[in-house]
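Peer 1: Annotation source TrEMBL lists active site, for sulfotransferase activity at 40. According to TrEMBL, the feature 3'-phosphoadenylyl sulfate binding site maps to 40, 41, 42, 43, 44, 121, 129, 245, 246, 247, 248, 249. Residues or ranges marked as disulfide bond in TrEMBL: 228-240. Sequence annotations record features per position, and here TrEMBL assigns domain 'Sulfotransferase' to 31-270.
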């Protein structure tokens, strides 16, 4: 991949080793904006909605650079990015960044001006959704209740990642050691379903983009229970997210849900205070 690191002025320069001229216009840049969290919050939906914007260029897969592949180096990371023209924004999304202790410092090291988008969702429904995803891949998993609590209905087990991810205030504390609150946009996963155009409008404003993606791009798919795109670019067909999105949740006893709601309440309230937004989960 060495040729990707060549200075871009070398393209087309006589005798200079550079990027192949035929590889398309624009150049690879570090992302100016990252969707850093959270898992099962609606990050895939948000990225797909934003990719309708002509000035957003995003890598489709999750590169996991700042949590799992950091030793590969920033040059490798940049080589993964799509080419952009001036005025376009490069983005990626890896929801596990939000809960990775080292990620804020590493991202700050790349650029302290990075814009950070966090999609959050009621931590109880997020945990159940997380469990449903794991269960689909690992049949025979213990029940949600058995994993969420120690000793029957004893203390909530914060060592279980499905529970721990929802402690948004604690994770945000770690990020605020490196970035001011003004670098963040907190997107409501619930409103991304009930009013996708409104939430995507807020994101476009935050990114400094014209509001190109609007309500005319969405319709509500009652079968899946969330919004889909009316027409993907270059296609006459509507486009919904894949089968793994909107999967039915397992039934969790009401007493278990209530215990978790009570557990998360103080963390949620601290998160509302920190962000200046009431997400209405309580």
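Cβ from N, Cα, C; glycine included.
Automatic, uncurated: that is what TrEMBL annotation is.
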Peer 1: When you rank 40, 228, 240 by Cα distance to residue 129 (3'-phosphoadenylyl sulfate binding site), which of the recorded positions ends up on top as the closest?
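Peer 2: That would be 40, the closest of 40, 228, 240 to residue 129 (3'-phosphoadenylyl sulfate binding site).
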Peer 1: Nearest to residue 240 (disulfide bond) in three-dimensional space, by Cα, is which of the recorded positions 40, 42, 248?
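Peer 2: Its closest listed neighbour, by Cα, is 42.
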Peer 1: Could you tell me which of these recorded positions, 40, 44, has the fewest other Cβ atoms within 10 Å of its Cβ?
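Peer 2: Among the recorded positions 40, 44, the sparsest Cβ neighbourhood within 10 Å belongs to 44.
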Peer 1: Measuring CA to CA, name the entry from the recorded positions 40, 42, 248 that ends up nearest residue 228 (disulfide bond).
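Peer 2: Of the recorded positions 40, 42, 248, 42 has its Cα closest to that of residue 228 (disulfide bond).
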Peer 1: By a simple count of other Cβ atoms within 10 Å, which of 42, 248, the binding-site residues in the record, is least packed?
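Peer 2: Fewest other Cβ atoms within 10 Å, among the binding-site residues 42, 248, is found for 248.
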Peer 1: How far is it from the residue listed as 'active site, for sulfotransferase activity' to residue 248 (3'-phosphoadenylyl sulfate binding site), counting Cα to Cα, in Å?
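Peer 2: About 13 Å separates the two Cα atoms.
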Peer 1: Counting across all protein chains present, how many other Cβ atoms fall within 10 Å of the Cβ of residue 129 (3'-phosphoadenylyl sulfate binding site)?
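Peer 2: I count 21 other Cβ atoms within 10 Å of it.
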